[in-house]
Amino acid sequence: MSIETPKGCVPVIEVRGLSNHFGDQVIHEDLDLTVCRGEILGVVGGSGTGKSVLMRSIIGLQTPAAGEVEVLGENMVGREEDEAKNIRRRWGILFQNGALFSTLTVAENVEVPIREYFPYIKAPLLDEIASYKIAMGGLPPDAGPKYPSELSGGMVKRAGLARALALDPELLFLDEPTAGLDPYRRRLSMTLSLGCRSGWT
Amino acid sequence: MVASAASTAEGGNPTLRIRGTLTITRAASIQREIDAEADPLTIDLSGVERMDTVGAWLIYRAVRDRHVKVVGASAETEGLLHEVAEYDKPVQVRPEEGPGFTRAISELGEWIAETGRTLVGLLGFFGATLIGLANVTTRPKRFRLNAVVQRFDVVGVRALGIIGLMSFLIGIVIGQQGAVQLQQFGAEIYTINLIGRITVRELGTLMTAIMVAGRSGSAFAAQLGTMKITEEIDAMKTIGVSPIEALVIPRLIAAVIMMPLLAFWAMLMSLLGGGIFVWLSLGIPPLTYVQRLQEVIPITDLWVGLIKAPVFGFIIALAGCFQGMLVEGNSEEVGLRTTTAVVQSIFLVIVLDAVFAVFFSSIGWG
């Protein structure tokens with residue numbers, strides 16, 4: 001399975017010969033994939049066809065049975081934890097169910113990646129950044145101090161998106177972004193204009 | 001790439017020239033540079049190679065709040081500045097908090113109201129289980145035998161090992177401590193009375209109840225709490241299955257039936273542990289020990305121990321299931337409710353044990 005790579009492509013994701021299986025069940029077999037800078041790639045398939053597993057292999061949450069994965073020029077398989085840190089601040093990931101930290105408010109959720117990588121940013125600026133990220137995610141103004149359990153499914157997703165956008169990522173992974181969301185198209189074009197180079201659906 | 005900000009004064013107005021990257025990485029230093037300059041200020045962005053939304057936000061808020069003019073912005077930078085401006089909405093970030101004193105009072109009030117609600121809720125839950133039990137007895141087809149048998153296994157059979165070991169050790173400890181004290185009077189034979197009466201009447205049931213509360217009461221709360229969070233219980237209701245009948249009653253029945261059996265097992269193991277101790281340490285042979293036990297333990301002691309057991313089981317299961325059903329919201333709440341369930345049930349068990357002690361003494365089962 002290979003697709004022609006367009007000319008002048010700067011690869012941000014390179015997958016070669018990826019294989020995944022759970023027990024006897026083969027999910028991926030010898031999968032090749034290249035995503036270029038500026039490209040939006042949507043992965044479509046029925047339930048249980050391995051879309052999420054592919055994403056998890058690329059972002060390093062799932063160790064593949066075989067194959068190589070490179071993201072933004074860095075090897076993702078079998079690398080050290082320290083090396084991975086560099087790459088983690090350059091991508092944003094929206095999980096299927098939002099995966100918000102349930103004990104933190106929406107604003108605190110958005111601030112988590114910023115605090116982690118830029119601890120010297122002071123609280124007032126941090127709050128301002130969180131505030132416009134929340135607005136970008138498409139949440140109403142009163143959503144900031146709410147806990148994830150007080151939000152609707154769609155709002156959880158928007159908050160997850162705000163968190164994924166917290167560090168202005170070069171690469172954005174969106175697992176099932178449209179489920180539970182209404183006018184997603186507008187958001188997607190917005191994220192792109194903000195300099196996100198690649199998307200994942 | 002060298003990134004820098006330099007300020008010069010051109011035509012009276014100070015100008016801040018920003019070069020290189022204007023991103024979150026440099027957010028703190030750029031902010032300091034901007035704050036250090038006096039108004040009116042001109043910011044020259046012609047040297048900016050890369051800007052992200054945080055950089056744009058810093059420039060935007062300077063323009064918004066101060067007397068600042070931006071020059072030399074490229075089309076891309078300009079676009080991002082406009083984009084950021086569009087998302088400047090009064091988003092509330094922190095929850096509103098009143099002054100400390102009123103907050104303390106309102107917290108106290110909420111706590112009292114919450115306690116009251118919990119008590120009323122527990123009563124309501126008790127009523128709902130009674131109705132559920134009545135429904136199940138009038139329509140035995142709705143009785144979930146499989147679920148009950150499964151709970152028997154989890155609550156009862158799987159607890160045999162740990163409760164047996166615990167009771168065995170407690171028997172030894174009582175024997176050992178008793179013997180040390182009674183030896184001073186040359187009355188070590190009374191160690192047998194001590195072991196026999198205290199384990200059968202009190203400790204066998206009480207320790208079993210504490211163990212069941214820790215093992216099964218907590219599990220009940222955690223299971224039901226998780227099901228509440230994942231909306232399984234809501235799904236059940238919409239399908240027409242009563243959660244009380246399907247989840248609470250099997251657990252309740254299992255705890256009520258298993259508690260006396262486990263308590264009896266605990267008594268036997270304690271007597272065994274004590275027996276081995278007095279045999280090895282005081283030289284009282286097993287036959288004498290058994291004979292002596294028969295003489296000193298009135299049968300009413302056994303009844304006292306066994307009558308309390310199902311009541312304790314009921315309390316433990318009720319508290320566990322009730323707390324589980326109260327879970328709302330996040331995963332932290334499951335942990336909190338589970339802890340509350342265990343604390344509540346152990347507390348109630350001990351209170352009830354005291355009530356029972358008074359009651360049985362006054363009816364002459366001393």
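Glycine residues also receive a Cβ, built from the backbone N, Cα and C atoms like all the rest.
The annotation domain 'MlaB-like STAS' is assigned in TrEMBL to B:16-82. Residues or ranges marked as transmembrane segment by TrEMBL: B:119-137, B:157-175, B:271-290, B:302-326, B:346-365.
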Mean of pLDDT values spanning the domain 'MlaB-like STAS' (B:16-82): 83
Residues of the domain 'MlaB-like STAS' (B:16-82) by DSSP state, where helix covers H, G and I: 34 helix, 22 strand, 11 coil
Distant-in-sequence neighbours of the transmembrane segment (B:157-175), which means Cβ under 8 A and at least six residues beyond its ends: 191, 194-195, 198-199, 203-204, 207-208, 211-212, 215-216, 258, 262, 265-278, 281
